[in-house]
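Read through the structure below, which is laid out as structure tokens, and then see the notes.
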Amino acid sequence: MEGVRYASFTSFATTKSSSFSALSPSSIIILRQKPHKKALKSISHRNLVISASSASNSVVTLLDYGAGNVRSVRNAIRYLGFEIEDVRTPKDILNAERLIFPGVGAFASAMDVLTKTGMAEALCTYIKNDRPFLGICLGLQLLFESSEENGPVNGLGLIPSVVGRFNSSNGFRVPHIGWNALQVAKDSEILDDIGDHHVYFVHSYRAMPSDDNKEWVSSTCNYGDDFIASIRRGNAHAVQFHPEKSGDVGLSVLRRFLNPKSQGTKKPTQGKASKLAKRVIACLDVRTNDKGDLVVTKGDQYDVREHTKENEVRNLGKPVELAGQYYKDGADEVSFLNITGFRDFPLGDLPMLEVLRHTSENVFVPLTVGGGIRDFTDANGRHYSSLEVASEYFRSGADKISIGSDAVYAGEEYIKTKVKTGNSSLEQISRVYGNQAVVVSIDPRRVYLKSPNDVQFKTISVTKPGPSGEEYAWYQCTVNGGREGRPIGAYELAKAVEELGAGEILLNCIDCDGQGKGFDIDLIKLISDAVSIPVIASSGAGAVEHFSEVFVKTNASAALAAGIFHRKEVPIQSVKGHLLEEGIEVRI
Ligand code: 1PR
């Protein structure tokens, strides 16, 4: 994960409390100074003495410098039966039996913390002494000479090359989010089970292979260009992808690092995985029902109540159980949308945070959570910023947060003023956690028009005419779960939120929601052609053919469905099987 602009020196290696009461303004310390523009002083690599470790064989030392969510890595390590010891001093690094460094945040702030704490020097010594090391994501990038991320900024300087940004001008969407294939270049041991499987990436910066660093490169990945997916030299390993979010195959990478003697299932084979896979996402709309239980519900055009005398909220199951089931069934991501978050304060909704915590203990694919992310003042006058709300979601296990209503207001304001204030929830959260962690959920409704000149918003010529034979439509954004239409179109909003820092768009359609008649291809094509960030097509899936249709006819990166999965009408594996038959690459 890149992009975090804060790194709490004082929170270094502290175990973050997950309780709501622990969330105080002081729990987030934001370094507001500008990231280093100048190169940092190079780090001397003098050898430090490594004392014999007293750690038991099941202990993993974790370098968490307090810059973001490493809960998923902790969960994965524990799931594999290992205990975690946090690094508190450079000596803890030198004494580690095995060290995992899940780099999060921005390159410059990470280097700043590592240098100030003496960890940078200890890390270099530890790796040079060939001690077991696994860097993840930024934990790989920091090993290189420097990065262009808000830089140039010097890195640890162990591997020749500069970390640069992906080039989006050749049609590849940045951030690079999703499941991609690897080309394994040499025996890396920890990648022995990967073979024909995809692994999960989420990043905007990457290091490129060259003659200077080829002795380090153990695998590459192609996304526009070939970039370094993993390195290995002796006992030093690092991966650009997220093993803790790469399902079973990712867990096997971690297991092979933690226990090199563990037997894998197979040696690398020439695989089916060849490029970025289209993602299939299971979505759980969650709310409290009239009995006070948090349930998974599902609407018809956003109406989630049964049409019976009791008029109850439709109850389709328990959130943690269903999320776990979808993980086992092969969902590439799981999304929770707290659909009444717009009126309830989400941090007051402790059951939702509990759902996230429990889900993240057993679900090792990305988790997104949305609903109610905005500034809020409670009955006692205590103000909570949207950043605090998001931070609590991240601490509870979310990998991405999704903003709905508040992003509409931010988009409207930005279009009116052309000024990026930096104050909107979208800007604040993407500045701190990186834009790859921020999804904007758009809830548009189709409005048919006789003439494209009837509105000031982007219109389309519709494939199927409207009820009175209208040939045009615009897509009006709504807020508060579709209850209020706003003076902004989905096209205008998508472009505005991309500029404000969104990393991905979840594109719903109220007209299609729950109808099972297929995605709104006109809408999805309009938006996925307009932006260069990934677009998730949502609303209307009723059959496997709807998934292939949306991937063939539009530039959507992922397709999300709810009702057909909840009602067990179409299993996730049938969707994937069909997509494979149609020649569309998916993770298997
Ligand atoms: O505005 O920031 O509090 O976020 C609220 C979030 O809750 C938004 O993401 C909004 O989309 C969602 N939401 C609000 N009300 C509802 C509702 O249904 N009454 N759910 C709602 C939206 C839409 C989809 C759904 C797909 C697929 N759910 O995500 O899962 O349409 O369904 P299908 O496959 O059955 O057709 P904020």
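Note: Cβ is positioned from N, Cα and C throughout, glycine not excepted.
Summarising the annotation, TrEMBL assigns domain 'Glutamine amidotransferase' to 62-256. Among the features that TrEMBL reports, active site, for GATase activity is placed at Cys137, His242, Glu244. Positions annotated as L-glutamine binding site by TrEMBL: Cys137. According to TrEMBL, the active site annotation covers Asp285, Asp443. The substrate binding site annotation in TrEMBL covers Gly372, Asn508.
Less than 8 angstroms from the CB of Asn508 (substrate binding site) sit Ser441, Ile442, Asp443, Pro444, Ser538, Ser539, each of them six or more residues away in the same chain.
For His242 (active site, for GATase activity), the spatially nearest entry among the recorded positions Cys137, Asp285, Gly372 is Cys137, judged by CA separation. Straight-line distance linking the Cα atoms of Cys137 (active site, for GATase activity) and Gly372 (substrate binding site), rounded to a whole number, equals 29 Å. Taken residue by residue with DSSP, Glu244 (active site, for GATase activity) is part of a helix.
In this structure, the C-alpha atom of Gly372 (substrate binding site) lies 13 angstrom from that of Asp285 (active site).
Among the active-site residues listed (Cys137, His242, Glu244, Asp285, Asp443), Asp285, Asp443 have a CB atom closer than 6 Å to some atom of ligand 1, in sequence order.
For the domain 'Glutamine amidotransferase' (62-256), the model's pLDDT averages out at 93. Non-local neighbourhood of Asp285 (active site): Val296, Thr297, Lys298, Gly299, Val304, Leu337, Ile339, Ala562, each in the same chain, at least six residues away, with C-beta under 8 Å from its C-beta. Under the DSSP three-state reduction, Asp443 (active site) is assigned to coil, being neither helix nor strand. Classification of Gly372 (substrate binding site) by DSSP places it in coil, neither helical nor stranded. Same-chain residues at least 6 positions away in sequence with a Cβ under 8 Å from that of Glu244 (active site, for GATase activity) are, in sequence order, Ser72, Val73, Asn75, Ala76, Pro102, Ile136, Gly250, Leu251, Leu254, Phe364.
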